[in-house]
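Pulled from TrEMBL:
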- 12-41: transmembrane segment (TRANSMEM)
- 53-71: transmembrane segment (TRANSMEM)
- 77-95: transmembrane segment (TRANSMEM)
- 107-128: transmembrane segment (TRANSMEM)
- 134-155: transmembrane segment (TRANSMEM)
- 167-189: transmembrane segment (TRANSMEM)
- 201-218: transmembrane segment (TRANSMEM)
- 230-248: transmembrane segment (TRANSMEM)
- 254-274: transmembrane segment (TRANSMEM)
- 286-305: transmembrane segment (TRANSMEM)
């Protein structure tokens with residue numbers, strides 16, 4: 001049964017307000033949206049802006065990128081980072097094809113695993129015109145595996161007697177979201193946290209070329225025209241502005257925070273637009289693909305770094 005539009009809008013406003021409350025995570029927002037959907041709490045008043053909110057959030061998060069740190073880190077690890085990103089996306093797409101996962105879902109899971117989890121998924125989703133259900137399943141895979149990584153990675157690191165430096169590199173490469181990378185590496189040690197944060201920032205910049213490549217393939221397939229998504233250019237501009245105007249750091253920090261909150265709001269909207277039938281339709285293959293891809297990047301990077 002669908003709630004009246006006025007009541008649904010009021011509940012959505014409460015949901016949006018909760019997105020600004022500390023501890024209301026992206027995963028909780030997604031589940032709240034699904035709860036809304038299951039009980040017929042739907043309205044297009046806000047959800048029609050989902051794509052715009054996602055794109056604006058990516059732009060605002062650009063103000064939180066430390067360009068100097070990224071450039072410095074890239075000098076030593078660019079080759080390894082490039083190889084791992086390209087290999088992960090390629091194998092992800094292959095797994096998606098073998099497991100018959102919807103192309104959009106496979107692309108999002110591959111991009112999220114290769115780069116920086118939810119942020120990469122949010123950036124690539126509008127570029128490939130992904131459906132809300134595809135974004136939801138890609139995000140769900142990332143959230144589940146991130147939770148496992150927080151528990152398992154420090155244990156595995158100690159089991160193999162990994163150095164702080166090695167663990168920092170490994171966690172940045174094999175864990176999806178930056179927040180989970182920070183959590184796992186902080187549990188391992190201060191040096192691991194420092195390295196992991198820097199390396200993950202470097203990987204985050206791969207959002208730009210990966211989004212552009214997918215945009216070219218998507219647009220060429222549909223209209224034969226090359227069209228670079230506007231928000232990727234503005235994202236780059238935001239990074240450059242933050243670098244050139246360090247005296248405005250406090251304001252940029254707030255904009256970055258606002259971008260993260262916008263991402264949470266978008267996930268609330270996405271969850272609310274998914275039906276139970278769409279969840280059943282997608283099946284378990286998307287999760288299997290995500291798990292296999294995660295195991296691949298985790299074990300391969302562990303072997304290359306440790307042995």
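The backbone N, Cα and C atoms fix where each Cβ goes, glycine too.
Those TrEMBL annotations? Automatic predictions, nothing curated.
As the structure is a computational prediction, the values presented were derived from the model and not from experiment.
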Winner by Cβ pairs under 8 Å against the transmembrane segment (286-305), considering only 134-155, 201-218, 230-248:
134-155
If contact means at least 3 Cβ pairs within less than 8 Å, sequence distance 6 or more, would you call the transmembrane segment (230-248) and the transmembrane segment (167-189) in contact?
no
Before we move on, state whether the transmembrane segment (12-41) and the transmembrane segment (167-189) share at least 3 Cβ pairs under 8 Å, counting only pairs 6 or more apart in sequence.
no
